[in-house]
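Novice: Following this message is one structure expressed as structure tokens.
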Amino acid sequence: MQKINRRVKAEGSNEVMLVPVRPGNARRRPQLINPPSTNDVNYQLPSTAASTHPNDIVHHFKPTKQPNDRPGTTLTALNNEIMAPEAKPTIVPAHLEDERRKQRQRLILDRKLKRQREKELRRLQRKKERQEKMRREKQQRLREQRKLREEQKRNLKLQQQQRREQQQRELNELKQKENDLAQERQQREQQSQQQQQILSNLRREHEEEEKQRKRDEAEEERRKAYLQRLKEQEEQEKVQRQEVKRQEFEKRLIEERKQEEERKAYEQKLHKEHEQRLQKEADDKARQLAEEHERKRLQDEENRRRLEIQENQRQEQMKNQLDEEEERLRLEQLEEERRVEERELARLREENRRREELQLKRAKEIEHLEEQQRKIAEEEERIQTELEEAERQRQLEHERKLQLAEQESKAKEEARKREEEREEQERLMKLEKAKRIADKRAEQLKNEKLKNYTERLAKLSEEDQKKFLEMRKLRRALKEKKMKEILKKKQQLSTDSNSNNEAFIANTNHE
């Protein structure tokens, strides 16, 4: 049997399909050709469709086989109806039957080809839609990537701008700190000059006081009594309480006379102690001024050292993170030492403030005394008379109460000395303990710093280690140079201070 193939090509595609065509088979029974579906776009209703119902089963009915000419099996009539003669089927010529069969086969193949073409078109449409979707997704991804890159660029520019602004602010702050330190240094120099001037004035005042003391030696005894009375008023008004108690013992005049000489000796002793205290206060004042000058000099050195540390920290931070960590640890150690020194300096400042208050109080008292001395000459006779009268009134009980007061004063003085010694020991113990803690902390930080330094250095490459060692040598050289300059300035300041102190001591000894 010879096979017949047809070459078909779908619309919109380059694919060629071979469709086998089966030749007519006379032995096969003719099949009923189903009408095309109404959903077929190529389907056309016949012209008689308007006059027939779509559910009419008789419409376009074609028998599937030839009518049977055999008579029925019933030979006898069941009723009295007269059977009409059977109509003979129309005989279709063979060539027309073949033509119809070929037409039906072509129709089936056309429909199959049409379905394949529609399927191919749908496949191409889906492929096109997928490609379009992929293209849109790719464009969307590209747009998002481009947007992300632009956002990253903007963030990078913003970070760079912020970093530049931060560096500029740090530079401005550093310049401002340098200006502030320069102003503070200038102010301290001015204060030092003022203190030198004050020291010179104090020296001149001391000389004038010495001259005045020599001129006032004749009046010293009266002033001693007046100063003794002032001292008694300062010591919680002991003299007033003693006066009240002495009035209660007026009957003991004999015992008072026996102890009068001891009282005079005690007053002379108090006068000598008062003179020694005045001299000691003058010496302490000069020493305190020298200590204040030394403290301010140390503060200048501390500020300079802190500025150098900040400058080194900023440079190290820009160069290497490792140096920044090393600098941070060193700064923490220095900060701890600075806090200890600041606490100690605060305590010293408090002590200096109290001393200054005492000096101010003493200066006011001296000024008041000088003002009162102008009135002493006028009041001398009246005061002498009052003192003699008071002496006569308190002779009975003065000596006994004076002895008790002396014993009480000695006991209080001893208790005060013991308390001062105890406080001094506690202060020294606290200072020693704080120093040990600071030394221990410094040693611990030094060990941790050395350990971290060794670990970080070991993690670096050989080239980085070489660069780091070179930078460390350079930093050490710069640090040694700065330390030499600081030591030179310190020695110069110490030499100037020693020369000033020697000149002051020489002037004092000469006087």
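Residue positions begin at 1 at the first shown residue.
Just so you know, glycine gets a Cβ as well, placed from its N, Cα and C.
OK, TrEMBL features for this one:
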COMPBIAS  118-154  compositional bias 'Basic and acidic residues'
REGION    118-223  region 'Disordered'
COMPBIAS  162-188  compositional bias 'Basic and acidic residues'
COMPBIAS  202-223  compositional bias 'Basic and acidic residues'
COMPBIAS  260-317  compositional bias 'Basic and acidic residues'
REGION    260-325  region 'Disordered'
REGION    357-427  region 'Disordered'
REGION    488-511  region 'Disordered'
COMPBIAS  492-511  compositional bias 'Polar residues'
Novice: So if I exclude everything within five residues of the ends of the compositional bias 'Basic and acidic residues' (162-188), which remaining residues of that chain have a CB under 8 angstroms from its CBs? That is, six or more out.
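Specialist: Same-chain contacts beyond the flanks: 296, 299-300, 303-304, 307, 310-311, 314.
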Novice: Please list the DSSP helix, strand and coil residue counts for the compositional bias 'Basic and acidic residues' (260-317).
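Specialist: Residue counts for the compositional bias 'Basic and acidic residues' (260-317) by secondary structure: 58 helix, 0 strand, 0 coil.
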Novice: Please count the residues of the region 'Disordered' (357-427) that DSSP assigns to helix (H, G, I), strand (E, B) and coil.
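Specialist: Split by secondary structure, the region 'Disordered' (357-427) comes out as 68 helix, 0 strand, 3 coil.
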Novice: Summarise the compositional bias 'Basic and acidic residues' (118-154) by DSSP state, stating how many residues are helix, strand and coil.
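Specialist: Its residues divide into 37 helix, 0 strand, 0 coil.
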Novice: How many helix, strand and coil residues does the compositional bias 'Basic and acidic residues' (162-188) contain under DSSP?
Specialist: 27 helix, 0 strand, 0 coil
